[in-house]
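Below is one structure, written out as structure tokens, with a few remarks after it.
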Amino acid sequence: MDQKTIKAHKISDSEYKKILEILGREPNLLELGIFSSMWSEHCSYKSSKKYLNGFPTKAPWVIQGPGENAGVIDIGDGMAAVFKMESHNHPSYIEPFQGAATGVGGILRDIFTMGARVEVNMNSLRFGDVIGDSKVNRYQRYLVKGVVGGIAHYGNCMGIPTIGGETTFDSSFNGNILVNAFALGIVKSDEIFYGKAEGAGNPVIYVGSKTGRDGLGGAVMASDSFNEENKSLRPTVQVGDPFAEKLLMEACLELFKKGYIIGIQDMGAAGLTSSSFEMAGRSGSGMIMHLDKVPMRENEMTPYELMLSESQERMLICAKKGCEEKVKEIFAKWDLDAEVIGEVTNSGNMELFWYGKKVADVPIAPLSEAAPILDRPVKKPAYLDKIASGNLCGCGVSKISNKEAFDKIFAEPEILNKNFIYDQYDANIGTNTIKKPGFLGAAAIRVKENGVNLCMAMDCNSRMNYINPRIGAALAVAASGRKVAMSGAVPLAITDCLNYGNPQNEEVMWQFAQGCEGIKAACKALNTPVVSGNVSLYNETDGVSIQPTPAIVMVGTAKNALLPSHFTKNGVNVYLIGDTKGVFAGSLYMKVVENRITGTLPEIDFIKERALWDLVIEANKCEILEFANSVGVGGVAITLAKMACIEQIGGNFDMIVDDDRDIFDESFSRAIVGVKNETEFLKLAKKSGLKFTKLGASGGETFKINEISVKIKQLAEIYFNKFSQIIKGETF
């Protein structure tokens, strides 16, 4: 095998030597392509697995943790929630509409392949600078429109509600946006299916759309960094057909009720290669596949193309012997291809044939269960010492008034209502949505089968992760859990999408290692295990890595009514729970007012964090709260302002602070609550041991906090309209 071909497949010298040892010979081109895909960062987690192994993954309510298509938790009365988050960053930067659309399609398949009907779509998005008229600004606005359009197209056509998410902006994402897709489904606990292929002689059946040449090398592309040349890689981005996926989902859900199959796997990254190797690998089996029997969309396709294509809307099934025709009948009813292309063996090898000729023979375990694990060097980034020594705004650096600061921060795209985005999503289809986009806090659905309210919240502060990757990642867990708890639900488990830069950079690997330590510590302390997730590395363009972004989704349940996260009526007494400590490192104030990222972060007090959750959950059970919201980006002032805008209810608030600017501080573990019964609330609050302070009351036509006063109609006009104007290029 010539060096040019080996390098083109992103195989290192040491990896090629390992391939020779495994095979005892030179690989052919097809085998090299298989090794390249299965050992890619995207499929093998070779740089990250060392750190992921320490995550807490078990709890009495966890049915399935990491290692399957998605995680599963018990939500009571014989029902389970199946959920996962994944990235489609690289494809979405190259071709935003199709990249984002197929990201949605891929995560939906991960859910319904477990036997669950998908009920929820959410997304975590990061873009660069959208304000201004530079080439970069215009391109970022184009990416926003394309990504949102792709998400809306696929989710709406599938009939699955998109009910929440988060979207933020920073120049570190100018060359590498992030598109993380989350989905959740509901299934009976005893009707879950897994990705396995066992039982020698059982047939292997290809179902779904035909295979074309789209997406070739996608897994390898997602394991590489960007430069200007990568923008020409549109042919490697898959093209999705949500209507075909809708048919595939319904066909699979019908099939699951019949008892015809052993296991099923989505054909995602690396297509037929990953699905076949993963199914056989989990079961310790072998497999024979006849590639000439694969349904093809294009002429003269080769075994290499068929194994590595990432054409969408396809599944691989291991059926019970004798049930082949029954399986095919179901898919024919839904106008989908279903062809027996092979069978399970006991050989432990993947044997591939092309019109009767063996074209590949590869041991399965070294590719699926025993891929190389790298121990990359780590080094604390030099920039951390520099930013840790900088002056903070609390030291009197800022020269503008609090009103000027408020106006600047409130007009930031990160703060503004994202109705331009969520108005494109159907959030109500399925009639289960009870908290949808635009209403702050966690999203929520009703599970009709058992009456449980299921809450989901996303969070990650990339700036704080840049300042301290360990504390920043832990904060993402805590903050997502806090949002769920502020709805009155009990946080149960997380899924994650760990977005970092180039792992070949030892400073990036240090960030990643620290981030994993933070997640591990937070999940253990808060008793919220990790049940699924994804790692996205090589988020780098021209040598510039993104800010670390370990996006977290927390899922929780409540049997009682959920709390709103905004002002619902006049005359409600409003309290702040938690300590204000003057935390400005990584804050939006620091970015917007002072145009820098400086300082150090305090440790998170997980005991106080959990106490805050428990206080609000208990208060909601006792029906003594009117609303509750986590204090987030922009601090108390901005959080209150957003809560006021939703129903245009003003408020009069006085916050006693050590420094005037502390109304913008972003201290952890704080909440704002509206109290219906002060006597009972004060009893619970005192019992919790947490600090609590009365801020004032909701009501009126003016929003006032300390010296800041603005008409609520004026505030709402900015909040609901400015983001759309920015993305349309109407205002800068």
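Positions of Cβ are set from backbone N, Cα and C atoms, glycine also.
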- Item | Record-annotated substrate site (Swiss-Prot): member among Gln3, Gln238, Gln265 besides Ser87, His88, Asn89, His90, Arg109, Glu310, Ser311, Gln312, Ser536 | Gln238
- Which one of Asp2, Asp129, Asp496 goes with Tyr45, Lys84, Gly533 at the ATP site, as Swiss-Prot has it? Asp496
- Could you tell me which three-state DSSP class Lys84 (ATP binding site) falls into? strand
- Should any of the binding-site residues Arg109, Asp110, Gln312, Asn534 have a Cα within 10 Å of the Cα of Asp496 (ATP binding site), which are they? Asn534
- Task: May I ask for the distance between Gly533 (ATP binding site) and Glu86 (Mg(2+) 1 binding site), taken between their Cα atoms and rounded to an integer number of Å?
- Result: 7
- Task: Based on Cα distances to Arg109 (substrate binding site), point out the closest of the binding-site residues Glu86, Asp266, Asn534.
- Result: Asp266
- Rounded inter-Cα distance in Å - His42 (active site), Ser87 (substrate binding site): 10
- Note on the structure: Students should find that the Cα atoms of Ser87 (substrate binding site) and Asp110 (Mg(2+) 2 binding site) sit apart, in Å rounded to an integer, by 13
- Item | Between Glu86 (Mg(2+) 1 binding site) and Asp266 (Mg(2+) 2 binding site), the C-alpha gap once rounded to whole angstrom | 14
- Query: Considering all pairs of residues in Tyr45, Lys84, Asp496, Gly533, annotated in the record as contacting ATP, what is the maximal C-alpha distance expressed in whole angstrom?
  - Reply: 16
- Message: When you rank Lys84, His88, Asn89, Glu310, Gln312 by Cα distance to Asp110 (Mg(2+) 2 binding site), which of the recorded positions ends up on top as the closest?
- Response: Lys84
